[in-house]
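Take a look at the structure set out below.
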Amino acid sequence: QVDKDMEEKDLQSVEYFVKREVLDELCLDEVAQKETWSTKLTLGDQVKECSVPRLKHILLTWVPVLSWLPRYSIRENALGDLISGCSVGIMHLPQGMAYALLASLRPVYGLYTSLFPVLVYFIFGTSRHISIGTFAVISIMVGSVTERLAPDSNFIVNGTNGTETVDIDKRDAYRVQVACSLTVLTGIFQILLGVVRFGFVVTYLSEPLIRGYTTGSACHVCVSQLKYLFGITPSRFTGPLSLIYVSVLLPQTQVPELVVSLVALAVLIVVKEINDCYRQKLPLPIPIELVVVSLPFSFSFILSLLKAPRAPDTTFFSGVIGDAFAVAIVGFAINISLSKTFGLKYGYKVDSNQELVALGLSNTIGGFFHCYSVTSSLSRSLVQESTGGKTQVAGVISSIIVLITVLKIGPLFEDLPKAVLSTIVFVNLKGMFKQFMDVSLLWKTNKVDLLVWLVTFISTIVLNLDLGLAVSVAFSMLTFIFRTQLPRYSILGNLPGTELYLDTDTYKEAKEIPGIKIFRSSATIYYTNAEMFLEVLQEKVCGCVFNNLCSVCVCVKSASAFYKRNGNSVDFSMTETATDGLHKGQMNLAYEPDITMSDSDSATGSDHITEFSRHGDEEKKRACKSGTHSIILDISTTSFVDTVTVKTLKNIFRDFGEVDLDIYLAGCQACVVEQLEAADFFSASIPKSRLFITVHDAVLYIRKKQWKAYFVLVGHHQYLSHF
């Protein structure tokens with residue numbers, strides 16, 4: 001440890017020296033030989049470049065299995081994938097059937113959903129460790145749609161003795177049509193977004209939003225399963241505060257169902273904890289979920305359950321388009337966040353756009369085979385990784401296990417008590433409920449993210465999943481807008497002996513340079529904050545805000561007061577070039593006090609506040625010469641400029657120029673320079689020579705300019721004294 005600390009100290013003490021001329025944007029273009037031609041290929045060039053290697057690259061990009069499967073190492077990967085696939089396949093069975101209840105479908109459709117989409121993702125997916133299939137949040141989102149479009153009240157028939165009963169077979173068949181249509185439309189949305197390279201859309205769903213939403217959804221999942229655990233039959237109720245409705249019927253609890261539920265819960269929780277505690281020692285997790293569902297089997301023989309593919313009913317599309325888009329975005333957000341987690345851990349790239357296409361194809365093709373919407377599952381993915389899974393082959397093996405189950409023993413699951421399946425749902429929500437610990441963590445790290453998490457969770461609980469998601473996204477976007485509208489504005493000072501310029505309010509050693517104000521915003525300047533940028537600049541530089549009604553302006557404090565107050569000066573060196581050639585005839589000039597100060601300024605220690613009227617140019621010039629003569633705008637944080645920004649910057653050059661203040665820009669990115677050129681920003685009044693590469697370049701230029709003015713003034717006085 002001592003050697004490591006000494007090594008770090010040695011690295012921290014490294015020094016560097018740079019000797020170059022001051023560079024503005026024009027000099028940079030010449031020295032660095034800026035390219036003026038476009039690198040974009042024309043349509044004709046693109047057609048010419050469609051060679052066999054390029055077509056092969058496109059094919060491998062869209063069908064990733066062709067790139068990695070031929071290089072699959074049986075010796076290194078086969079055993080791990082086999083064990084992992086068996087483990088995940090065993091998990092697919094109970095989870096698929098249990099989550100089908102959340103989608104208001106029969107358990108067998110959960111098995112279908114654990115089979116076909118997995119095979120599709122094997123071909124088109126790029127993540128090696130995630131497990132595609134049923135997921136609680138997506139299942140309940142599908143269930144809210146199926147119950148809304150196919151409620152029990154639509155399938156009531158007259159029974160014997162004048163009683164009314166629900167035609168369950170007809171209802172379930174109709175719900176399958178709704179779920180499949182929703183799934184196909186969801187897949188179409190995802191494919192289209194992937195094809196147009198719109199994978200970045202998920203970045204607008206921040207991690208706190210996703211975790212808050214899934215935690216709130218977990219509460220919905222729990223409440224939706226209470227009717228099975230307690231043996232009650234509540235009527236369907238939607239809208240705000242619908243979670244409270246089921247609690248009214250709890251006194252009608254059926255004791256047998258409750259006993260079965262409690263016993264199954266106890267067994268599941270105990271064995272799950274054993275699996276977690278002895279995860280490193282057990283070769284395979286104890287398949288307790290499969291054991292629990294196997295106990296209550298009623299052995300009956302039914303024909304094969306696999307059904308021929310069938311096109312979805314497109315008449316449902318108009319009624320589920322909003323839900324389909326929500327499912328598409330949430331499903332992809334969960335999938336890509338989990339995929340990138342494993343990708344970073346194991347050092348491989350996950351293509352977000354290709355993941356959209358893969359997930360979309362899994363949903364679209366799965367919808368034709370009586371599947372509902374899928375995404376990756378955290379619990380299954382962790383098992384797939386921890387049991388040695390290396391590639392997507394593990395998913396194929398798990399789907400084979402599901403296929404054998406559906407063909408051979410699948411019919412036995414038809415009469416499985418729903419209370420047992422509900423307990424499986426409850427136990428598998430453990431990971432989501434652990435996300436409540438995010439609250440304490442976010443409280444310490446980022447209170448804005450904590451607010452997003454809480455608003456998302458509360459809105460999901462109170463307003464249900466669809467409205468809750470809309471409110472959450474809207475609130476998250478508002479926080480982004482407020483952050484950009486309320487950036488931090490800073491006056492920068494030089495750290496003595498360096499070329500670094502830091503916030504004077506944060507760093508005590510950062511000293512303002514007399515006569516020069518260096519102003520920086522922490523956010524991009526664009527139409528929402530451009531007006532505030534101008535107001536704060538005027539306030540920090542001149543002590544008040546310029547406007548059309550203001551005829552008096554209080555100028556900045558004089559540089560002499562700055563010296564008196566701080567008792568020292570900023571120490572740095574500059575180079576003056578005697579000739580036009582690079583690195584020829586250079587001499588170093590020591591830093592000197594601001595030559596614009598008058599004798600009276602330097603003789604007094606009090607702050608000078610000068611008022612001036614906007615009616616006369618001489619008064620304005622005389623006022624601002626009492627202190628600041630130059631302003632440097634550090635716009636290195638600006639990543640783009642819009643028309644409002646261009647107009648604002650033009651107004652800054654014009655208005656401050658009227659009071660004899662020189663404006664300079666520094667740290668402008670190349671793309672921003674191009675946008676300024678396209679907007680005709682540079683002109684005779686705003687030459688490109690006012691744009692510098694760094695703040696230090698601008699400071700050195702200004703000091704050199706002041707020194708030249710000083711030498712001219714001295715030479716003039718010597719000439720007069722001669723006569």
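Counting begins at 1 with the first residue displayed.
Each Cβ is built from the backbone N, Cα and C atoms, and glycine gets one as well.
Listed in TrEMBL:
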| type | residues | note |
| --- | --- | --- |
| TRANSMEM | 99-124 | transmembrane segment |
| TRANSMEM | 130-146 | transmembrane segment |
| TRANSMEM | 178-200 | transmembrane segment |
| TRANSMEM | 243-270 | transmembrane segment |
| TRANSMEM | 282-303 | transmembrane segment |
| TRANSMEM | 315-338 | transmembrane segment |
| TRANSMEM | 450-482 | transmembrane segment |
| DOMAIN | 506-702 | domain 'STAS' |
| REGION | 599-618 | region 'Disordered' |
| COMPBIAS | 608-618 | compositional bias 'Basic and acidic residues' |
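Packing against the transmembrane segment (315-338) from elsewhere in the chain are residues 127, 130, 132, 135, 137-138, 141-142, 144-145, 149, 177-178, 181-182, 185-187, 189-190, 193, 199, 201-202, 205, 207, 210, 213-214, 350, 352, 355-356, 359-360, 363, 373-376, 378, 381, 465-466, 469: each is 6 or more residues past its ends and has a CB under 8 Å from a CB in it. Counting Cβ pairs under 8 Å that are 6 or more residues apart, the transmembrane segment (450-482) and the transmembrane segment (99-124) reach fewer than 3 and are not in contact.
Residues 103, 105, 109, 142, 145-146, 149-150, 310, 312-314, 316-317, 320-321, 323-325, 327-328, 331-332, 336, 351-357, 359-368, 370-373 of the same chain lie 6+ residues outside the transmembrane segment (178-200) yet bring a C-beta within less than 8 angstroms of a C-beta in it.
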